[in-house]
Amino acid sequence: MAARRRLLLLLVLLLCRLAAVLPTSEVEALQGFMAGFAGGNAAFQSWDASAPNPCTWFHVTCGPGNQVIRLDLGNQSLSGELKPDIWQLQALQSLELYGNSISGKIPSELGRLASLQTLDLYLNNFTGEIPNELGNLSKLSNLRLNNNSLSGAIPMSLTTIQNLEVLDLSHNNLSGIIPTNGSFSHFTPISFSNNPRTFANSSDSPSNNSGAAVPSGRSSASSIGTIAGGAAAGAAMLFAAPIVLFAWWWRRKPHDQFFDLLEEETPEVHLGQLRRFTLRELQVATDNFSQTNLLGRGGFGKVYKGRLLDGSLIAIKRLNEDRIGTGERQFLMEVEIISMAVHQNLLRLQGYCMTPTERLLVYPYMENKSLETRLRECSDSQQPLDWPTRRKIALGSARGISYLHEGCDPKIIHRDVKAANILLDEKLEAVVGDFGLARIMDYKVSHVVTGVMGTLGHIPMEYLTAGRTSDKTDVFGYGIMLFELISGKRGFDLVGLANEENARVHDWVKKLLEEDRLEVLIDPNLLEIYNGGEQGVREEMRLLVQIALLCTQESAPSRPRMSTVVTMLEDGIAEHWDAWQRKTIVQASLQGGQGVSEARNDSVANLPPDTLSGPR
């Protein structure tokens with residue numbers, strides 16, 4: 001018995017030692033990683049080298065065993081170089097460094113991250129070649145290196161990554177042949193565009209255009225004969241070339257088009273690894289689009305629940321007839337761009353179907369449906385959303401929208417951010433949906449659209465009156481969605497409550513906050529913990545209200561970017577809130593104390609319904 005106790009004690013000590021060693025080595029790896037960037041960056045404020053465990057640091061996510069599985073440092077104004085120390089994070093699954101100013105070469109040591117699934121280094125200043133070692137990342141599914149200054153050939157080793165689903169090497173200085181074998185056979189030219197020195201196959205190589213040297217040591221007559229023969233052959237080729245080129249073009253035409261527009265009955269067409277379904281498959285999956293499988297309807301069409309032959313559940317958006325007028329090429333280009341918007345907080349496009357009379361989009365089915373459903377149509381078997389879950393949903397949805405604005409190329413405006421379009425997965429994580437047919441945002445500037453799309457209570461004045469949309473349109477919608485999350489009420493209902501006091505929603509909530517009467521706004525399911533003063537909860541709710549107020553300001557330029565909202569949710573709001581309070585005081589003094597009622601013209605309560613789209 002004593003021997004068994006000693007053995008058990010030894011095992012406990014060994015496990016404790018192992019638990020202490022793993023985080024320490026990861027702390028050292030992260031410190032080495034951080035050392036590559038210019039000092040003083042706010043993203044690393046919580047990265048304390050003396051901490052035994054990095055799992056409490058901002059932008060770091062840990063999995064089982066307290067091992068780092070994700071580094072999310074996109075759009076953090078990082079400058080410097082990516083140090084190779086990061087290879088020591090052997091459990092790392094996602095490395096997101098997009099939208100910074102990181103320079104230097106991509107370390108070949110990244111090829112040693114055996115668990116890596118997502119590598120996002122796009123929109124930086126990386127130079128040099130793509131490391132051949134990246135081909136060792138057998139679990140990699142998302143590789144985006146676009147918008148850098150990478151050069152050299154595309155490594156053939158990348159074609160051996162069987163799990164690769166998303167690839168973007170565009171907007172670099174790559175050269176040589178674009179591989180078409182292995183996993184690369186699924187990708188279209190958009191993945192390699194804007195690399196002027198690349199070509200599709202060896203016959204397009206510049207080296208094939210150089211002339212052949214004339215052999216020396218021949219007689220003058222032989223030379224003349226050679227020249228004459230060459231001239232005759234050249235003349236023959238001149239006449240034959242158009243025929244040969246036409247035959248070559250005709251044979252290769254289905255493969256060289258930007259999108260392969262095959263008939264509906266040939267489902268093997270893919271955009272990336274996006275599946276093309278037949279209409280028959282989707283009819284069988286939905287029992288011929290029966291009403292019993294109808295999940296909802298909106299401005300873009302109806303959504304049905306379906307079950308494929310392998311048993312997997314899907315959600316099918318059947319687009320309205322007015323969308324069918326979109327040309328095949330235009331529709332496929334939209335599908336291609338949206339399919340490349342891959343983020344854990346975005347609804348992943350799984351496939352599509354296109355016929356002369358139908359346009360359908362296929363998504364994974366979300367068992368927990370939408371935030372709106374959980375807030376207002378909770379079944380008897382479901383508990384109301386608690387405060388930690390709502391806080392998690394606020395952060396997750398902000399990350400998803402921020403990625404649409406700053407992580408996609410071209411950028412995407414959602415234009416209808418609301419609780420109904422925030423879906424919930426099996427862990428109640430936020431998944432932003434229904435951005436599938438949103439207008440594509442210009443890379444540098446906003447643009448004017450011809451028709452207002454959105455939902456009553458979620459539309460800012462600049463969009464409603466002038467049709468001018470930008471990323472700040474989504475910021476406004478997100479702010480109203482936060483009010484929905486806190487109150488459990490629809491945006492339209494909040495407009496009605498504010499109108500009773502002759503004010504906009506923004507001004508009404510601001511007044512409640514200033515008068516310490518937020519219990520008027522807060523969901524009855526949360527009032528007990530709010531009034532009970534549970535540690536930190538009351539302050540967290542006030543924080544979320546403050547962020548929502550910043551997002552719903554009347555002036556679009558004054559609203560924060562979504563990446564700033566993410567930072568505020570993670571790090572705090574004090575600096576932004578104080579600056580806004582000072583600005584409000586100055587504006588009030590300049591206006592000579594004009595009443596709040598003047599802002600009523602920003603309300604959309606009295607507009608006819610036909611100026612707005614329905615819920616999507």
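Here the Cβ of each residue, glycine as well, is placed from N, Cα and C on the backbone.
For D416 (active site, proton acceptor), the count of additional Cβ atoms within 10 Å of its Cβ stands at 24 [all protein chains shown]. Annotation note: D416 (active site, proton acceptor) sits in a coil segment as assigned by DSSP. The feature active site, proton acceptor is assigned by Swiss-Prot to D416.
Annotation source Swiss-Prot lists domain 'Protein kinase' at 289-573, citing sequence analysis.
For the recorded site, N75 (N-linked glycosylation site), the DSSP three-state label reads coil. Annotation comment: Swiss-Prot describes N75 (among others) as N-linked glycosylation site.
Taking Cβ-Cβ distances under 8 Å and a sequence separation of 6 or more, the neighbours of N125 (N-linked glycosylation site) in its chain are S101, I102, S103, N148, S149. What Swiss-Prot lists as N-linked glycosylation site is N125 (among others), and the listing cites sequence analysis.
According to Swiss-Prot, the feature N-linked glycosylation site maps to N136 (among others), an assignment based on sequence analysis. Cβ contacts within 10 Å of N136 (N-linked glycosylation site), excluding its own Cβ and spanning all protein chains shown: 18. Taken residue by residue with DSSP, N136 (N-linked glycosylation site) is part of a helix.
Positions annotated as N-linked glycosylation site by Swiss-Prot, on the basis of sequence analysis: N147 (among others). In the three-state DSSP scheme, N147 (N-linked glycosylation site) falls into the coil class. Within 10 Å of the C-beta atom of N147 (N-linked glycosylation site) sit 21 other C-beta atoms, taking all shown protein chains into account.
A C-beta separation below 8 Å, combined with a sequence spacing of at least six in one chain, links N173 (N-linked glycosylation site) to S149, L150, S151, N195, P196, R197. The annotation N-linked glycosylation site is assigned in Swiss-Prot to N173 (among others) on the grounds of sequence analysis.
Close to N181 (N-linked glycosylation site) in the fold, though at least 6 residues off in sequence, lie T159, each with a CB less than 8 Å from its CB. For N181 (among others), the entry in Swiss-Prot reads N-linked glycosylation site.
Per Swiss-Prot, N-linked glycosylation site is recorded for N201 (among others).
Per Swiss-Prot, the feature N-linked glycosylation site maps to N208 (among others); the stated evidence is sequence analysis.
Annotation comment: Swiss-Prot describes 594-616 as region 'Disordered'.
In this model, the repeat 'LRR 3' (115-137) carries an average pLDDT of 93. What Swiss-Prot records for 115-137 is repeat 'LRR 3', and it gives sequence analysis as the kind of evidence.
Residues or ranges marked as repeat 'LRR 4' by Swiss-Prot: 138-161.
If you look at the repeat 'LRR 5' (162-186), the same-chain residues 6 or more away from its ends with a CB under 8 A from one of its CBs are 117, 122, 130, 138-154, 156, 192-202, 205, 270, 272-273, 339-340, 342, 409. If you look up Swiss-Prot, you'll see 162-186 marked as repeat 'LRR 5', on the strength of sequence analysis.
Positions annotated as topological domain 'Extracellular' by Swiss-Prot: 24-226.
The annotation topological domain 'Cytoplasmic' is assigned in Swiss-Prot to 248-616.
Tertiary neighbourhood of the repeat 'LRR 4' (138-161): same-chain residues 93, 98, 106, 114-132, 167-179, 181-184, 192, 198, 342, 409, selected by CB-CB distance under 8 Å and a gap of 6+ residues from either end. On its own chain, N75 (N-linked glycosylation site) has Y98, G99, N100, S402, E406, G407, S563 as residues at least 6 apart in sequence with a Cβ closer than 8 Å to its own Cβ.
The secondary structure of N181 (N-linked glycosylation site), as reduced to three states from DSSP, is coil rather than helix or strand. Each residue contributes its Cα atom, and for N136 (N-linked glycosylation site) and N147 (N-linked glycosylation site) those atoms are 23 Å apart.
Secondary structure at N125 (N-linked glycosylation site), as computed by DSSP, is strand.
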